[in-house]
Amino acid sequence: MDDVKDKVIAILNDLTGEDFSDNLDENLYDSALLDSMGTVQLLLELQDELGISAPVSEFDRNEWDTPAKIIAKVEEMKQ
Amino acid sequence: MRWYIPYGNPTYFIWLALAIVPLMIGLLYGRRFRGYQTIISLFFLILTFGGPNWRTGIALIGYLAYQVILVAVYSKYRQRKASPNKGWPFVLAVILAIVPLVIVKVTPAIESGRQSIIGFLGISYITFKVVQTIMETRDGIIKEFHPVLFGQFLLFFPTISSGPIDRYRRFLADYDSVPKRADYLNLIQTGVRYVFTGFVYKFILAYIFGTVLMPGIEQRAILAHGFSWNIVAYMYVYSLDLFFDFAGYSLFAVGISYLMGIKTPMNFNQPFKSKNIKDFWNRWHMTLSFWFRDYIFMRLVFFFMKHKVFKSRVTTANVCYVINMLIMGFWHGETWFYITYGLFHGCALVINDTWLRYKKKHQDVIPHNRFTEWFAIFLTFNVVCFSFLIFSGFLNTLFFGPSKF
């Protein structure tokens, strides 16, 4: 499932301008790297690139706040 | 028997303390007495909606029946196997859910201040809970509909009159379980502290600003005819009264919820320390602004981006900010000052974002130090207070109201 990981990191890199490969537990909201706009873009990109459809209400900030958690969520939803 | 506005006077608190002690003992011993909780909920609802207010009680019952049926029908449609999940039943359900609120809000505007007979204290807050439930049912996140649990959620008495606005799934998780004893002891400690901080806020500070200081300033401002420094004084006093009154109420609601083992979300987080307007909306009336963020702003952005309505991300955000805050303005009521207040904050968010982008681009030349941070807090505080002056309706009384002298 490394494919998912690479894609999510690439999407996040696109959105925030930061590389999270070595920083998977950084909190995206506390550091203000992601806001509501970024979040929606993230959901749309995940939909386009990985084919998972996560509705906006699925998005609980506490469960999606680090790259590692996002990757775990996406992998769970792909199955 | 006397009749009470929630948390309005000391007697109400005595009733509260007496009623929740058995519930607390149960929780300490690992049990939630749901039947008992329902009985005391009814008791407190009758204290507020009974007696001389019985008409609003009838309105509440009617409203509740209407919404439960509406959500039940929509859930049935959405949760049957291979539900087509079309857009129109969803839109129709949302419209039907807000129709009662719209009638209540529009009636005074077109019938010169007369209140609608279907209104009751807290209708605007309950409506948020209904609409979010419909939205999450559409998204398939809420998979089951229980009329009784839904009713418990809507009528949760500590928050019925003015929030904080909880979320169905979050509320249910608490209601269905009993906190561990250590966690519950922490909740009691925090809850008691909240209630006592609430006393200081509402019965001392809000009293000083709202009851001691405000009337005199108001008189002087009216007598001055036109602009005077009294208006500026009014602006600050009103803003502080608004904060301490509402934050005090919210502390009561959250504190009492905690004692009942329900972790109702917090409503305020030191809003006057905000460094910018966006920061402010993350700290002021948080359950309302997060509701708008999650159920209006993000959904609008999602829709606009998916259908590529606007070319740029910036335009999309700006349009959504203004629509979002305008709807918040209309929700407050159909008067020019509430709607202007919404528009004002929509524009403030647009300016805020533009400035932050500019600052990021030129960060090598724009200074950032302790002084600029203090200045940012000072500026935000004043912008916010000015918006509350609009919100207060006092400018309306001053410049457009019937002449009193």
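Backbone N, Cα and C define each Cβ position, glycine as well.
Automated prediction, rather than curation, is the source of TrEMBL annotations.
Here the transmembrane segment (B:12-29) has Cβ contacts under 8 Å with residues 4-6, 36-37, 40, 43-44, 47, 178-179, 181, 184, 188, 256, 259-261 of the same chain, all six or more residues outside its ends. Among the features that TrEMBL reports, transmembrane segment is placed at B:12-29 (among others).
If you look up TrEMBL, you'll see B:36-52 (among others) marked as transmembrane segment. Note on the transmembrane segment (B:36-52): residues 1-6, 12, 15-16, 19-20, 22-23, 26, 60, 120-121, 152, 155-157, 160-161, 260 of its chain, located 6 or more positions outside it, place their CB under 8 angstroms from a CB of the stretch.
TrEMBL lists B:58-75 (among others) with the feature transmembrane segment.
Residues 63, 66-67, 70-71, 73-74, 77-78, 116, 118-119, 123-124, 127, 130-131, 134-135, 138, 330-331, 333-335 of the same chain sit 6 or more residues outside the transmembrane segment (B:87-110) yet have a Cβ under 8 Å from a Cβ within it. For B:87-110 (among others), the entry in TrEMBL reads transmembrane segment.
The feature transmembrane segment is assigned by TrEMBL to B:147-165 (among others).
Taken from TrEMBL, the feature transmembrane segment covers B:194-214 (among others). Distant neighbours of the transmembrane segment (B:194-214): 7, 234, 237-238, 240-241, 244-245, 247-252, 254-256, 258; these residues of the same chain sit at least 6 beyond its ends, with a Cβ under 8 Å from one of its Cβ atoms.
Summarising the annotation, TrEMBL assigns transmembrane segment to B:235-260 (among others). Remote same-chain residues near the transmembrane segment (B:235-260) are listed as 6-7, 16, 20, 23-24, 27, 37, 156, 158-159, 162-164, 187-188, 190-195, 197-203, 205-206, 209-210, 213-214, 217, 266-268, 271-272, 285, 384-386, 388-389, 392, 394 (criterion: CB distance under 8 Å, separation of at least six residues from the stretch ends).
Per TrEMBL, the feature transmembrane segment maps to B:314-332 (among others).
According to TrEMBL, the transmembrane segment annotation covers B:338-356 (among others).
Per TrEMBL, the feature transmembrane segment maps to B:377-400 (among others).
Below 8 angstroms of C-beta separation, residues 276-278, 281, 314, 317-318, 321-330, 332, 383, 387, 390-391 of the same chain, each at least six residues beyond the ends of the transmembrane segment (B:338-356), sit close to that stretch.
Stretch with the most C-beta contacts under 8 angstroms to the transmembrane segment (B:147-165), considering only B:58-75, B:314-332, B:377-400: B:58-75.
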